[in-house]
């Protein structure tokens, strides 16, 4: 222990500050990076470690050891503070650890402190636990034969125990060899294909299965429904409610019973609603995963054969059977034998069947993910997805090995993202906290003043304490957080009525600051459905006349016809053809039918997923049918799919392929590709058509070739080019007007699509995202090769004057000021890796990002956020999960279950929901500011009045407090939020922080105005001729003296100062509510808020009635005294002057945007946002944007960026694996 401690200089003396400094340095340098079992951990130091590096739940871990003497002192402190110290420890777990523990090495820790690496730096305390694998046993024999496995490394011998922690539903165990905590829950990533088949092909023995379950935990996604008493206890311990309890106790001690009871009632209602909402969410989430935890599966036990067990007992390495019949998978698994078709809509949001094939038994020694000849995700089955169909090979059962279990699975990660959402860092709430601190400081000043005044007057000590504490409850309004939340709740309700649902209400305010929106193209900007438009066949080194399907032209039999009939991944479910819309359209155009009953065709070449296609009843063809023997499924990395077929009663094997034109052409014999390939392709892509290419190849006789031995690479070569299949994907009618509305509001629109670059440029221009007058600059970057360095080049893209011909690139010598950058995902990745210094510059005007993989979409959103854009992302839910979660406001247009990962889900099937959300966000944000300003002014007005009356050893009466707090402030706080959003977006955003000069001026000016008003009234009433401290009837009119004298009370509150100051304060609260209730340009005019206006009129009428009533009983109840009519007129005049001055300053100065812009220009104040600073820099940079220029990467400047790592490992498949409709120039990765 001493040796380990000695390696950490000053560890025990330096404390947390020293450790934080080390960690910051080590994070920057990236010391000793490890990747283990799919999770990442950056081992920083013996005291601290970075876990989940590069992921959304990245955290720093600090090691501590409990000290008994410190614990004893904490217990004493808790007793002396009547438990308040423990309450602080509950709110601040880091204080608990620092008070009771001392820093130590991770190997010795019994307590760890986890700190998030985001701006919030929130802490969590976790206890290090032990799992005993074989209680009472003590042996040297390893439980795991593979001594390189993680499970072996985390097991301590001979004790047979594992040291671990659990955080956010994940388990991290201590690796005794690497001296670090590693994440558990899955098979090792370094296993090869051969290892997986050889080590796990026969199943696990019972002993190893039990040990694995003890280490990694059960295969269950448990969502505990907390009992109501526990939820109530947690809610009540919130600092806000603790302050409420303190305030209520104080009020009861002062006999302020009515308001205390009212606050209790309101608090009970608020707590009940909150607890109900939390419990309902828990119940919904519990139902979502309940089926997962209540399934039975057949697993293989070494030496015992197959046995049925609950799915919760499965562990990584188990072999289990897949039965099909709409089976829901309860874990992530690798398919070992057979084939199956699954529905992954739970993850992707799109109900398109996906074909899964068995992991090949390769002899390569590399990791199975890299050694697999195809995209490895084609062999992975994901938890929560549904198996639609299975086909076994050679009469054996379809088998899979468990890859991940529990919360480490795809569905588990989805549930975790809901349980632990990404916090929204918004300046409004940080500024509100700072302002509350200022109010607390003001309250402390008032406490000192109160203690001084009441001590000089020789009041009782108990009364002095009550009066001093009273100031805190007045200066710091307990209802402030609740009042600010009401506006968001109203906005959420309005969005729900319009079909937009929100699972993260706090992000509604963030939407009000949104200034950049990324749009997916297919299904978002364009229609979901595709229309088969034409076939352009290659002929005689050129292209034959176009065959348009809309004209009912007859499609002649030939290779193109056969390719359209066979090259797809369609299946029949309950007699209905299902699959990708593109495949369905293509197949229906042939008039052929599917027949999956291929058992009657005896062929050694038949694949488990073989199917037969044959002519329909009305189709005449020279063949009886074509048997599809094998599929090479679509892969986003390969950008193509192919099938191996043979015509019935024929021995010839023919391969048909369809995919991205550029990719297909590169695999064809050059002499079969027309010379006008590029220009002919551009004709259609420039018009927004989606284009895929067709090709074929004869593989020879089935007797001479074994499909099981032929590789995809060798089969997909030397093809004959057939031509283009052209599909039409129209813009949605709402797209262009919505983009125009956003452009008018100066909100940037960016297209992030998997489609072809030329198609993306055309759609951007047709939709108005890129104005016709703007120039498009193509940015092309290529990675380094063995002979060349990485480079980036810029060229100007111009549409030709006619619609025929390739997109041309040429140079314009005069400077370009209105331009947009366009690039592909490959170029973007190269820029990140080799030219990162150019990325911010390019993003400033980057508008078109094509061929973007889902992981690149999420990375792009993150890079925009680094420039301090407030980024929205709108997608149809298919493969956009990463970007939707990364954005400040992700809007999913999908109604599938995957939409729960997005903060907003829209039932509006187009992008009209985007301006709607921005309008509601702006309205909610302005409402939050209005309520904040009002609550701050209300508490300050009351605070000033109380301190003035303390000078005379007086205060407001209980009913005066009750009327001001309940009848005025509470009603205003609830109704002020009811303004609807203004229907038009203006070209500027509401302020995003409280510390902006206009808002500060408004609050500070009105505070001083209120101080002047009440002080003036307080002093003036004392200088009146009729004023008397002792005779409270001296100012009463003669005709009212007899009535009033019988209603004077003896509680000590009645005085001329009290009556004057109270009337001034309550009507001031009404006037500032009116003045602060903003209307245009972000909310509808205040007079459209009928309930609010009615409330103000009623309140004002009651207050005027108080002034002129002359009702003795009313004076008695409200602790008022009768004053001369003239003085009442003076009060009204003072209030009117106060209102006019406040209204003038608010409207003419505070809300005068022209004035503030002029002042900014005069003082040279400019935006400090990163993108604004960079834009000003580029405006003065000669030679930007560069044209006809190529820049090479310098070896010294190669950047090791890690931001291409997916944000969520379990969603990698949903970000990269794309259905077959993403094939072609107009298709590709179409999302």
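One-based numbering along the chain as shown.
Backbone N, Cα and C define each Cβ position, glycine as well.
TrEMBL assigns the feature transmembrane segment to one of the listed ranges (878-898, 899-919, 1025-1045, 1130-1150), namely 1130-1150.
TrEMBL assigns the feature transmembrane segment to one of the listed ranges (435-456, 501-522, 523-544), namely 435-456. Relative to the transmembrane segment (999-1021), the listed stretch 931-951 leads the set 259-278, 435-456, 931-951 in CB pairs under 8 A. Listed by sequence, the residues of this chain that lie at least six past the ends of the transmembrane segment (72-91) yet keep a Cβ under 8 A from its Cβ atoms are 99-100, 237, 239, 242. Through the fold, the transmembrane segment (957-978) approaches residues 254-259, 262, 266, 479, 483, 486-487, 490, 927, 930-931, 934-935, 938, 942, 1051, 1053-1054, 1058, 1062, 1065-1066, 1069-1070, 1073, 1076-1077, 1089, 1091-1092, 1095-1096, 1099, 1102, 1117-1119 of its own chain, all at least 6 residues removed from its boundaries and within a Cβ separation under 8 Å.
Under 8 Å from some Cβ of the transmembrane segment (931-951) lie the Cβ atoms of residues 432, 435, 439, 442-443, 446, 449-450, 453-454, 467, 470-471, 474-477, 479-480, 483-484, 486-487, 964, 969, 972-973, 976-977, 994, 999, 1002-1003, 1006-1007, 1010-1011, 1014-1015, 1018, 1055, 1057-1058, 1061-1062, 1064-1065, 1068-1069, 1072-1073, 1076, all in the same chain and six or more residues away from its ends. Taking H, G and I as helix, E and B as strand and the rest as coil, DSSP gives the domain 'P-type ATPase A' (296-418) the counts 27 helix, 47 strand, 49 coil. Remark: the transmembrane segment (1059-1077) contacts the transmembrane segment (1130-1150), by the rule of 3 or more CB pairs under 8 A. For the domain 'Cation-transporting P-type ATPase N-terminal' (202-251), the mean pLDDT of the prediction comes to 85. Most Cβ pairs under 8 Å with the transmembrane segment (1130-1150) belong to 1089-1118, among the candidate stretches 259-278, 468-491, 1089-1118.
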